[in-house]
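Feature annotation from TrEMBL assigns active site, nucleophile to 8. The feature active site, proton donor is assigned by TrEMBL to 10. What TrEMBL lists as Mg(2+) binding site is 8, 10, 179. Marked as substrate binding site by TrEMBL: 19, 99.
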């Protein structure tokens, strides 16, 4: 009987947003105004497709992007947390559900040798095409009204848990570690024994505290964190229970 740990990637595992971090590869480290203004709410993946095309057209190559991406710092205490999980893999399954893309996440996990900690990564599929441009696609289509059109993290989580159940894997609880607005949907579906762990000072934590002030019920318990070390402490407590 294992605990399922669910991680977001941007501003959770890494201490920045991979999609905005990559802009440092652009000429003068910024995007043209008309490209910046082309973003429409809920259509971030399409916007990033245009950003990657622009970078490719400007001659930014794969190795340059990879160098930038792998220089991104981890969130405080995250290395300790991932090492703790690795030492206790008999007690945890671990997945990432992220609105970044598969190339960026692969690069970071590979450069830091943390690939083995994660059983599965769910994110927007990306690849370099024949002309060396990075292309990205929507992870899936869904009918959830609350989420951006390319990814509902709750749909992904429920599908994963159900698939595991069919294979005889039943989790004692889910611990969800995230920071952003798109982590709200899966967190509100957590059950009584589950734990929502929003990062202090970020959108998810602010939204959850507003919800509790409005007495909107949350079944799971909420544990706020600023460092991965605090998450380690809570996980130690959970496996002792």
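Using the three backbone atoms N, Cα and C, a Cβ is placed for every residue, glycine included.
Just so you know, TrEMBL annotations never went through curation; they're auto-generated.
If you check the recorded positions 8, 10, 19, 99 against residue 179 (Mg(2+) binding site), the ones with a Cα inside 10 Å of its Cα are 8, 10. Taking the centre of the Cβ atoms of 8, 10, 179 as the Mg(2+) site, the nearby residues of that chain (Cβ within 8 Å, site residues left out) are 9, 11, 12, 13, 17, 98, 178, 180, 183, 199, 202. Within the same chain, the residues at least 6 positions away from residue 8 (active site, nucleophile) whose Cβ sits under 8 Å from its Cβ are 96, 97, 98, 153, 177, 178, 179, 180, 183, listed in sequence order.
Sequence-distant neighbours of residue 10 (active site, proton donor) (same chain, 6+ apart, CB under 8 A from its CB) are 16, 17, 18, 19, 98, 99, 100, 179, 180. Between the candidate binding-site residues, 19, 99, the densest Cβ environment within 10 Å is the one around 99. Using a 10 Å Cβ-Cβ cutoff, residue 179 (Mg(2+) binding site) registers 23 neighbours.
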